[in-house]
Structure formats: C-alpha cells, structure tokens
C-alpha cells in the first residue's frame, strides 16, 4: 500500500493549522481593508489585514 494518501492528508491538516494560527481576529470595526492597515500594524507589527464581516482580521 502507498503512504501517499496519508502524507497528503497530513500536509492538508498541517497547512490548515498554520493558516488559522497566523490570523488574529480583532474587535476593530472597519468598512474597507484599508481601514485595517494602521490598526494591524499596532496589533501585530505588520500592516497586513483585511475587513471581514465588519471587523479587522490581522495576519502575522
């Protein structure tokens, strides 16, 4: 039997974990992604974020 399906599932789960660990949801209200850049720089040190459901989500 091949170990390829197990490897693919493991990589998929690991990549999903990494992507959620790199996000920091905030309570900062926004209307546009540009509203989040200054606040995300204060929270994470990087101006990378987007406006989702009216609140900023910052990325590391």
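Cβ atoms here come from the backbone N, Cα and C positions, even for glycine.
Listed features, source Swiss-Prot:
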SIGNAL    1-22  signal peptide
DISULFID  30-51  disulfide bond
DISULFID  36-56  disulfide bond
DISULFID  40-58  disulfide bond
Count of other CB atoms lying within 10 Å of the CB belonging to residue 58 (disulfide bond): 24
Cβ-Cβ neighbours of residue 36 (disulfide bond) (radius 10 Å): 25
Fewest other Cβ within 10 angstroms of its own Cβ, chosen from the disulfide-bonded residues 51, 56: 51
Secondary structure of residue 30 (disulfide bond) (DSSP, helix/strand/coil): coil
Reduced DSSP assignment, residue 56 (disulfide bond): strand
